[in-house]
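Please read the structure below before turning to the comments.
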């Protein structure tokens, strides 16, 4: 074998190795794009350490893969803040609100804010049956099931249990709610990214940009305009924990204690 042939073969082998490395890097980069670049599986598990606890009715349901699959159906979710700070804040806010909605934590305990995603459906199933709360956002009421189903191409009015039996659908309903403005309510997405400008009516009602008005969007009829309350405190506690974990600031106006709800 000549020296030239040996050199050529070595060059070809090195080139092949280089191509393989580049493909691997490209594949890794692709996997890390979007929400998954911030909420990795390790981060997801750290944020929700008790979601599969034997005490949680939802154990085994809320998987990381289901979250990523659902998030990929909403390209602007957790990706379009314009800065790393706002992108991370949106994800902290989403998980803060949904963790409260599904919490299994005990008020005042040292691990109160480590029990998000413990439930996948309303405990007593008494609110608007059969359209009681299900999924991370606890989707409730026939009109919400209808609107979410229309947006997702699913018959959620005819089969509301899809929200508590199919984890991808469950996450999709939560992200749909988060991304969608309804009536005189802005989307949670626009609020947390600072894209919502309050109307004169909002200003008169004390509704100001910040995490607190997202609580108002989700459950203002019960939790807002009634002074300090445990539900607000819980939502804020989860949010602050996740902001700290993701390395982002809280922003201002975290509660809705003095805000009138959007229906008033």
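Counting begins at 1 with the first residue displayed.
Cβ atoms are placed via backbone N, Cα and C, with glycine included.
Computed from a predicted structure; not experimentally measured.
Residues or ranges marked as signal peptide by TrEMBL: 1-32.
Sequence annotations record features per position, and here TrEMBL assigns domain 'Glycoside hydrolase family 19 catalytic' to 56-78 (among others). Break the domain 'Glycoside hydrolase family 19 catalytic' (56-78) down by DSSP state and the numbers are 8 helix, 0 strand, 15 coil.
Taking a C-beta cut-off of under 8 Å and a sequence gap of six or more, residue 56 (disulfide bond) has these contacts in its own chain: 50, 104, 115, 117, 118, 119. Annotation source TrEMBL lists disulfide bond at 56-118 (among others).
Sequence annotations record features per position, and here TrEMBL assigns active site, proton donor to 101. Counting every protein chain shown, the number of other Cβ atoms lying within 10 Å of the Cβ of residue 101 (active site, proton donor) is 25.
Mean pLDDT for the domain 'Glycoside hydrolase family 19 catalytic' (169-179) in this predicted model: 98. For 169-179 (among others), the entry in TrEMBL reads domain 'Glycoside hydrolase family 19 catalytic'.
Marked as disulfide bond by TrEMBL: 224-256 (among others).
The Cβ of residue 256 (disulfide bond) lies under 8 Å from the Cβ of 207, 212, 213, 215, 216, 220, 223, 224, 225, 232, each on the same chain and at least six residues away in sequence. All protein chains shown were included, and the count of other CB atoms within 10 Å of the CB of residue 224 (disulfide bond) stands at 29.
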